[in-house]
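Some features that Swiss-Prot has for this protein:
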- 1-34: region 'Disordered' (REGION)
- 1-11: compositional bias 'Polar residues' (COMPBIAS)
- Ser10: phosphoserine (MOD_RES)
- 14-25: compositional bias 'Basic and acidic residues' (COMPBIAS)
- 51-91: region 'Interaction with CDK2' (REGION)
- Tyr74: phosphotyrosine (MOD_RES)
- 86-197: region 'Disordered' (REGION)
- Tyr88: phosphotyrosine (MOD_RES)
- Tyr89: phosphotyrosine (MOD_RES)
- Arg90: site 'Required for interaction with NUP50' (SITE)
- 104-113: compositional bias 'Polar residues' (COMPBIAS)
- 153-169: motif 'Nuclear localization signal' (MOTIF)
- Thr170: phosphothreonine (MOD_RES)
- 175-186: compositional bias 'Polar residues' (COMPBIAS)
- Thr187: phosphothreonine (MOD_RES)
- Thr197: phosphothreonine (MOD_RES)
Amino acid sequence: MSNVRVSNGSPSLERMDARQAEHPKPSACRNLFGPVNHEELTRDLEKHCRDMEEASQRKWNFDFQNHKPLEGRYEWQEVERGSLPEFYYRPPRPPKSACKVLAQESQDVSGSRQAVPLIGSQANSEDRHLVDQMPDSSDNPAGLAEQCPGMRKRPAAEDSSSQNKRANRTEENVSDGSPNAGTVEQTPKKPGLRRQT
């Protein structure tokens, strides 16, 4: 039994449980600024977006909805795609969450990953034939491996044998003929640090 005492000034535990069950406390964040009127919030957001769009049209004399230039102080002209830096026309990178999803999808049931071609100096002659067989990197999740730094380029080691996990056994137990001799482990001790008695 414990030596915990409940003072007379505090309510008993039974009364506390009953009070919580009857009237659950409302969340403070829900009522901090009053109830949310979703219709009004949507109207305000749409109005704000329209105002921003109109201000941008006036400032840049360009109709961003229809992608057409308007009359004004700026003169818009078309340019060739090749004359622009690459970042203006390359597709956007997938979000980091997409990398995690692609990594999970590219594993088969046994846990091994599909073959992923290596890019640039990392590729050797055996890996280059994979690049020729792949139709389009946008359709293939493995083609996004160079864009997703979290994906592995080769599968994890399949054999996690006892090579990596060494057991420190005493010589007496190993030379012993008993069936459990190989399962005894002993914590290694530093040589030379013996107690002086």
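Every residue, even glycine, has its Cβ placed from backbone N, Cα and C.
Cα to Cα, Tyr88 (phosphotyrosine) and Tyr74 (phosphotyrosine) are separated by 20 Å.
In the three-state DSSP scheme, Tyr74 (phosphotyrosine) falls into the coil class.
Rounded to a whole number, the distance between the Cα atoms of Thr187 (phosphothreonine) and Arg90 (site 'Required for interaction with NUP50') is 58 Å.
Calculated from their C-alpha atoms, the gap between Tyr74 (phosphotyrosine) and Tyr89 (phosphotyrosine) amounts to 23 Å. Around Tyr89 (phosphotyrosine), the same-chain residues six or more apart in sequence whose CB sits under 8 Å from its CB are Arg81, listed in sequence order.
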